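Engineer: Pasting in a structure now, in structure tokens, and then I'll have a few things to ask.
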Amino acid sequence: MEKWGILLLVTLSVSIIFTSAAADDYVRPKPRETLQFPWKQKSSSVPEQVHISLAGDKHMRVTWVTNDKSSPSFVEYGTSPGKYSYLGQGESTSYSYIMYRSGKIHHTVIGPLEADTVYYYRCGGEGPEFHLKTPPAQFPITFAVAGDLGQTGWTKSTLDHIDQCKYAVHLLPGDLSYADYMQHKWDTFGELVQPLASVRPWMVTQGNHEKESIPFIVDEFVSFNSRWKMPYEESGSNSNLYYSFEVAGVHAIMLGSYTDYDRYSDQYSWLKADLSKVDRERTPWLIVLFHVPWYNSNNAHQHEGDEMMAEMEPLLYASGVDIVFTGHVHAYERTKRVNNGKSDPCGPVHITIGDGGNREGLARKYKDPSPEWSVFREASFGHGELQMVNSTHALWTWHRNDDDEPTRSDEVWLNSLVNSGCLKKRPQELRKMLLEP
């Protein structure tokens, strides 16, 4: 089975490998090995790969996997260790992928939950007790941001650094496990991130490594959609590949780079409907995540986002998006506020953060000279932290993984577009775009 899987990997996936090099005078550490996970048989009913995600107002979705197909999909929870005052009933699914058969994947929504509160929970009446902390109901709130994670030594370093920061929600703009058809790597990824993802909600969108389609045999995103169910139904979407959520004064939109996005697509129609409901008094900050960057001065993946940008950028600009996070390019880059290919004080800041630790290495070659809209760029592994201090100001910091120490390498204070007065200039433009058929 393993040999067959390796052959499938070789024949069906194409990896573009970029070696690392110094940005300016920084000397980069050497690449690290792919993590190895010894295969170990556990009790078939013990919950594995536990992670949580936001699931509508005051609710969380708890996801876990068991090998026992008869295990129930309920979660017991409460505010004291070992004392479970509440019970949430859920659903389960499973999938097949050639010779692989997944375990039973459970999804259970719990709540309503109090904000900024620790809850203790147990999955399916078996196994260890876990705990989670709900996000605050108001500012300040901190997001951890890292994309293109994979399962390498650098991934582990990134996760260790994220674990040290006091974040409330993790944002991941695509490329999670780098399973690339080898389905057991979804299982090992779930185990790798469980210590963090079972405690704080992880909100993710898809990247190219989640597609895993085999023509006429396996549809796209089968593994991703089965394992990482996001609140698409709660946000009025008909696809797990695009959705939105609100938390503590922030409206976050997760878009799909690998599903239809033209103005006649379901995604575009949903996006218009979602933006029409945004209340900037309740959620003064508006952020967007997707995988393929629109503003990218790295040599890697040039122009791959151009078509999506042509379709969606005018709508995002008219709506006053503050920040756009992307991945895909295995490096870090931050722009000025931009729109239509040039600096614009009323456009969003674009941040590429595809440097979480993937196995393909770093993309170190950049365009020279750099575009006028590019502020900071470096090919190093790391993560970002976005602290929304209040309704008007946010602090963004990028932390390089430097000799196992989380080095703060880039930071900037951001003023919300609501506070800057930009949105007062374009209400008619936005209404016109939202009303277009």
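Each Cβ is built from the backbone N, Cα and C atoms, and glycine gets one as well.
Keep in mind it's a predicted model, so treat the numbers as computed, not measured.
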Engineer: Out of Asn67, Asn208, which is the one Swiss-Prot records at the substrate site of His328, Val329, His330?
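Structural biologist: Swiss-Prot lists His328, Val329, His330 binding substrate, and from Asn67, Asn208 it also lists Asn208.
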Engineer: If I go by Swiss-Prot, which of Asp163, Asp175, Asp260, Asp368 binds Zn(2+) at the same site as Asn208, His291, His328?
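Structural biologist: Zn(2+) site check in Swiss-Prot: besides Asn208, His291, His328, the record includes Asp175 out of Asp163, Asp175, Asp260, Asp368.
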Engineer: Looking at Swiss-Prot, Asp175, Tyr178, His330 are annotated for Fe cation. Which of Asp148, Asp160, Asp306, Asp344 sits in that same site?
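Structural biologist: The candidate from Asp148, Asp160, Asp306, Asp344 that Swiss-Prot ties to Fe cation along with Asp175, Tyr178, His330 is Asp148.
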Engineer: Give the number of CB atoms, excluding that of His328 (Zn(2+) binding site) itself, located within 10 Å of its CB.
Structural biologist: 28
Engineer: What is the nearest of the recorded positions Asp148, Asp175, His330, Asn390 to Asn208 (Zn(2+) binding site), using the Cα of each?
Structural biologist: Asp175
Engineer: Any idea what the Cα distance is from Val329 (substrate binding site) over to Asn390 (N-linked glycosylation site), rounded to a whole Å?
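Structural biologist: Here the two Cα atoms lie 31 Å apart.
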Engineer: Quick one: of His291, His301, His328, Asn390, which recorded positions lie within 10 angstroms of Asp175 (Fe cation binding site), measuring between C-alpha atoms? Sequence order, please.
Structural biologist: His291, His328
